[in-house]
């Protein structure tokens, strides 16, 4: 199968193990994503703006993981070297869905900012505003891969990873995608949550200096809740970006080093991204206390 490829390519067993891990991680992520969406849709008490954004994130994750499973199945095939239909479109879709996942967390952080700090601006707390943010999320995500489409050889089949993806040897396209897909939404989320943390600490300090014991208690409880929320969502951001670190190493290695990049690193960067998204999905589900309680109640009733 690989006679025409370089002799130092990984063995078929390496690809079988890695693609199998990607499929397992994807199935786990899909299970949590579908469960969250179904619970939110079928339970009236879950119909809130925060859960609307949670569903948007889950939809993006579902599309991304389905593409990952499809890519893994093609990687298993014996004719992978020449049978790669719609490769550019698949690479484009891969970038769109990953961007949608990352930006969906940015709009969740912005929504939290509206409710915690800018709650006096009522127009920011409406369903209309949140629907507009979701629309912008997908418009931005769909437009990001437009630039690599015009850079020759940047979107396509990468034989080392057996995947249709943004090629790491296309330096400008790869760096552009890293900045637009991971860098910008990550920076936005970090800045927003730092603002929330600062606001919570300042509010707590002001109330603690007053003599209103009830307000003092409520403020401390609110502060604990917000800090817990920020901690969990930052964990999700780290999970989402863990694969991007390997991808970035691969890009700069090929651009700056004369030593060839080890072939397993190509697929490792993609698989770590998939596993990061799946872990992020689990954290996203566990963070949603309302949905988690309903699932636990259903499970207890079934038992």
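The backbone N, Cα and C atoms fix where each Cβ goes, glycine too.
In TrEMBL, annotation is done automatically, which means it is predicted and not curated.
Residues annotated as domain 'G-protein coupled receptors family 1 profile' in TrEMBL: 32-238.
Feature annotation from TrEMBL assigns transmembrane segment to 13-41 (among others). With a threshold of 8 Å between CB atoms, the same-chain residues lying at least 6 positions outside the transmembrane segment (13-41) that come near it are 47, 51, 54-55, 58-59, 61-62, 65-66, 68-69, 71-73, 75-76, 162, 264, 267-268, 270-271, 274-275, 277-278, 281-282, 284-285, 288, 291, 294-295.
When Cβ-Cβ distances below 8 Å are used as the criterion, the transmembrane segment (53-74) is approached by residues 19-20, 22-23, 26-27, 29-30, 33-34, 36-37, 40-41, 80, 83-84, 90, 93-94, 97-98, 100-101, 104-105, 107-108, 111, 130, 133-134, 137, 141, 162-164, 274, 277-278, 280-281, 284, 288, 291 of the same chain, each at least six residues removed from its ends. According to TrEMBL, the feature transmembrane segment maps to 53-74 (among others).
Residues annotated as transmembrane segment in TrEMBL: 94-119 (among others).
As annotated by TrEMBL, transmembrane segment applies to 131-151 (among others).
What TrEMBL records for 171-200 (among others) is transmembrane segment.
The feature transmembrane segment is assigned by TrEMBL to 233-253 (among others).
For 265-287 (among others), the entry in TrEMBL reads transmembrane segment.
For the domain 'G-protein coupled receptors family 1 profile' (32-238), the mean pLDDT of the prediction comes to 84.
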